[in-house]
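Accompanying notes for the structure given below.
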């Protein structure tokens, strides 16, 4: 059905033109006349009578005008009524005459959609699309078709959809679907649907609950989406739909979407009769008319899911229509009342029954706000009306009003009250050891209640500040929302016990008079037999005394908080109600300050930070290698800290600032191309240990060789002069004496010979001194002429660009697992021009498989009001509650009166109960305990292939293939199966901790896991908090107990630094899902499948000749700090791949354009001080030689584009000096050896 979308005006934005009265002709009907006799005679008689009785016309009387005005007014009133009825008529008209789009959809829907019914009501729709029957999963009920109702549906919670195969005989009724969704207008049951920006929207009011499952059609009648719900956004409503994208099902869910299945009425119970909770048809359904019966009905349905609907209906039963405002939130308090409860310290060091008793102090909010529950009620007056400026408290058994301005809270100093409603106060307080709440009553008397409570505002972030900054950083935190609307949090209430009041009794002679003062009074007297009852009028008891009677006021028209500080109503037992409470705890963001940036000074492999904290600020740092060596320190004053920067890098976090990262460079003060002392200084600053070891070894070797030479010379000398010394009167020849430094004529000392030469022959004296100098000159000249006896030794092990040459269609290479470092590989095939592939890791994610064991959080201890059994013994009953404890205590209260208000002669007992539940904060403040299993690794890789930069994502498992243009890449698996996560991890608010937590069901008191639950919302709770009930003190109603502190709170204080700060290899830890990002560990193999069409034949590529390379400048260990100029001659214009055949050199350019005779400049990076490398352009190689100098910057904030795995190489200059020294020492040894050999040969020949 093709049609052109027409402009329609249903659901238009503009209101219809206002109705105006049109000018009409007033028709006045004549009065009814009497019937006249027929015939001409009768007509003649009437005509004569008219002529005879004719009078002069007169002006109309005023009465006629008044009647006319009245008539006009009546017409105006009828017109006004028509105006009021006009919109209703128009709406009914609109429903009767649907627009073109609606008529179009109705025709298609007649065949392809079916109603889903539940208990006779339509809750949604099912649609026949393609070969499937589709129904929203949230729609409850059965399809209104016998064949479709029998089908077995498959449920998908991800898409909120249920699907089944269409019966064969119904396939012709199904609609087609399409994934083509150009922006524009589409059709559905209620008119037009606009599709723009990937969202479907309709005018607000066009859709409603019950429309879930309706299809959206295009102009050809094809289904483009199925409606699930909607989100009201003002004038427009965004639809939540299931749609298709290239045959893939997707779900579009705008924020705030509500499911549009028809809500089913929730049923409540009264006297074995069910009724809708929102519409109670019973007699006691209005609290204002029958309060006691209404509360009884609510207590009977307290566990029903529609309890709060019933409560709202019972409170809003008045026929008067009320506006919805903040007063409605206080409406529930009309069924409750304040109360008196026991306070341990009423301000004067003694306990009392206080009207402002403290029930509970909550401090879960991480922004430091306290939520305090007290026994009085704020914002409600005694007449149950709402007034922000008032509060009501219990004075004896009567509520009394007071001004809210007299309310105060303090710890070590006055607190700031930020919100109040009902029993609850929000306050921001300074740290302290106690908390006091008080107010001034209507008689100007101050009432206070003090509790021991250690309050220390929690730390948000990494700086201990005192006030919110104007500018800073937003961090996640939790706070109590300042809203009085109904929330998910609730408290239990019950009927209050009878309140004793002995002032109602007066002694009159021998009788007791009970004055009720309009109240219901329960009395019991022990005189002349048992005399007890319930009265509402004054009563006189004869022959009795006041001491023999007990009176108590009974009020069952209002509930009271189920407090452990007040007794339970013995008649009601466990009956109770519940009401919502304000100020829920929610997650939000808090602005925190950012510390001043430190003054950074770079040194050789060190960074010095000058810190200026405005308040105590945390400084932490870690190495980004295998051993993180994490340190942290609180800085309170100006301080200078020097930190060593390892080769793998350093991460420093200062306050709430983002982490600073530093990497060292191979900088030094010496040079590898200077004199020996400069060379030694160069290598000493780079590798001090290695340099010292090499110098020590060389010194030992040289000293040994020199010593050996001297030893051989001494041996030769001894061999030469010994025969002459043994012959009497022998004279040593002159030449031998000169060579062996021996006396020729007589055995004189060197001093005597020198004296003799100085006195007799001074020329010979000077010649004797010149002999060693000439020998040194000869040795130096020999060293100069000594040819190079050894080649340059390099000790560099650099892995930067793995250039592997292959001759196959398939190519494999290995790239380092370092993000941001480009890696190249050269692919060579016979007959084809070489191809260069450049790959760069942009991110590597390691995601473990997790299984949730449980969540743990703070617990709260529930202590219901104690049950006091007067004149008898109570019994405990078993209850399936977490950490439930129940004990019965005897001999607690006196037989007469006492704190339990008993009036009997037998023993009284108290039944105390307590159990543990998850705190209200568990929905936002909890830690999740996971088991971590095998991790999957995924990589985001940038590939330069065929002149295009393409980014792909793939699993690094060695199996998952991704396509880049026409090539297939298989990445992984990693060379190192390493993970920063242990087998057990804990996740708390975006932070991950390795922790060996206790298993489910084995928690220990006061430690992590003392309370456990499967999810934050689940009802199954395990607890072990060492809860022990204790004997109550006589004279006061209370439930004392002993309990271990919260293990969750203790863990929060002692948990230490998270993996975000302590993980090795520079891992960045993230959550949702839990993963480790960019861990620089190991290597990643890459297998590439390249088709033949991607290669260029040699005949088609340019031929390069006459190539020469000249390095203009070179700074080693820097980011492409070298520049080389290559001159060439190309046979034709084209594009050639550029690659360094030497692994130790990285070239930035993957390919260049060549033409004719020209030159090109390339940038390269190397860690060599003397770089000898070959550059391949197309198929031609050229040799380049570079003399590189160290970088000037000691520290940089980016990783090096190459990775060194050993010591630096030895420069050509250094090798030249090594050759000279080695040659010189070797020459001396050789000469000495030659002399010794000659001497030995001559000596042996003589003998």
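Cβ atoms are placed via backbone N, Cα and C, with glycine included.
Since we're looking at a predicted model, the values are computed, not measured.
The annotation disulfide bond is assigned in Swiss-Prot to 268-277, 282-286, 285-317, 343-449, 415-429, 477-590, 525-549, 527-544, 857-922, 876-886, 1067-1079, 1136-1178 (among others) on the grounds of similarity to another entry. Taken from Swiss-Prot, the feature region 'Disordered' applies to 54-103. Here Swiss-Prot flags 83-113 as region 'Binding to the viral RNA', drawing on similarity to another entry. The region 'Interaction with spike glycoprotein E2' annotation in Swiss-Prot covers 154-159. Taken from Swiss-Prot, the feature region 'Dimerization of the capsid protein' applies to 182-192, 218-222. Taken from Swiss-Prot, the feature region 'Transient transmembrane before p62-6K protein processing' covers 720-740. Residues annotated as site 'Involved in dimerization of the capsid protein' in Swiss-Prot, with similarity to another entry given as evidence: 186, 219.
This view paints the features noted in Swiss-Prot onto the structure.
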residue	record	contacts (Cβ under 8 Å, 6+ apart)
277	disulfide bond	265, 266, 267, 268, 301, 304, 306, 307, 309, 310, 313
343	disulfide bond	351, 352, 353, 354, 356, 357, 358, 449, 450
415	disulfide bond	370, 408, 409, 427, 428, 429, 430
527	disulfide bond	541, 543, 544, 545, 548, 549
590	disulfide bond	366, 367, 460, 468, 474, 475, 476, 477, 479
886	disulfide bond	876, 877, 879, 911, 912, 913, 914, 1029
922	disulfide bond	855, 857, 858, 1013, 1016
1079	disulfide bond	817, 844, 846, 978, 980, 1063, 1064, 1065, 1066, 1067
1136	disulfide bond	833, 1101, 1102, 1104, 1151, 1152, 1154, 1177, 1178
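The number of other Cβ atoms within 10 Å of the Cβ belonging to residue 186 (site 'Involved in dimerization of the capsid protein'), over all protein chains shown, comes to 24. When the Cα atoms are compared, residue 285 (disulfide bond) and residue 525 (disulfide bond) turn out to be 37 Å apart.
Put simply, residue 317 (disulfide bond) is 41 Å from residue 525 (disulfide bond) when counted between their Cα atoms. Among the recorded positions listed (219, 286, 317), 219 has its Cα nearest to the Cα of residue 186 (site 'Involved in dimerization of the capsid protein'). According to its DSSP assignment, residue 922 (disulfide bond) is helical.
Here the CA atom of residue 286 (disulfide bond) lies 54 Å from the CA atom of residue 219 (site 'Involved in dimerization of the capsid protein').
Across the region 'Dimerization of the capsid protein' (182-192), DSSP assigns 0 helix, 7 strand, 4 coil.
Neighbour count (other Cβ atoms within 10 Å of the Cβ, all protein chains): 23 for residue 525 (disulfide bond). Neighbour counts of Cβ atoms within 10 Å were compared across the disulfide-bonded residues 317, 429, 544; the minimum falls on 317. In this view, residue 876 (disulfide bond) is surrounded by 14 other Cβ atoms within 10 Å of its Cβ, with every protein chain counted. In the region 'Dimerization of the capsid protein' (218-222), helix, strand and coil residues by DSSP number 0 helix, 0 strand, 5 coil.
Of the recorded residues, residue 317 (disulfide bond) and residue 286 (disulfide bond) place their C-alpha atoms 6 Å from one another.
In three-state terms derived from DSSP, residue 857 (disulfide bond) belongs to an extended strand segment. Counting other CB atoms no more than 10 Å from each candidate's CB, the disulfide-bonded residues 268, 477 peak at 268. Within 10 Å of the Cβ of residue 285 (disulfide bond) there are 19 other Cβ atoms, across all protein chains. For residue 1178 (disulfide bond), the Cβ neighbour count at a 10 Å cut-off comes to 24, with all displayed protein chains included. If you average pLDDT over the region 'Binding to the viral RNA' (83-113) in this model, you get 55. Taking the disulfide-bonded residues 286, 449 in turn, the residue surrounded by the fewest other Cβ atoms inside 10 Å of its Cβ turns out to be 286.
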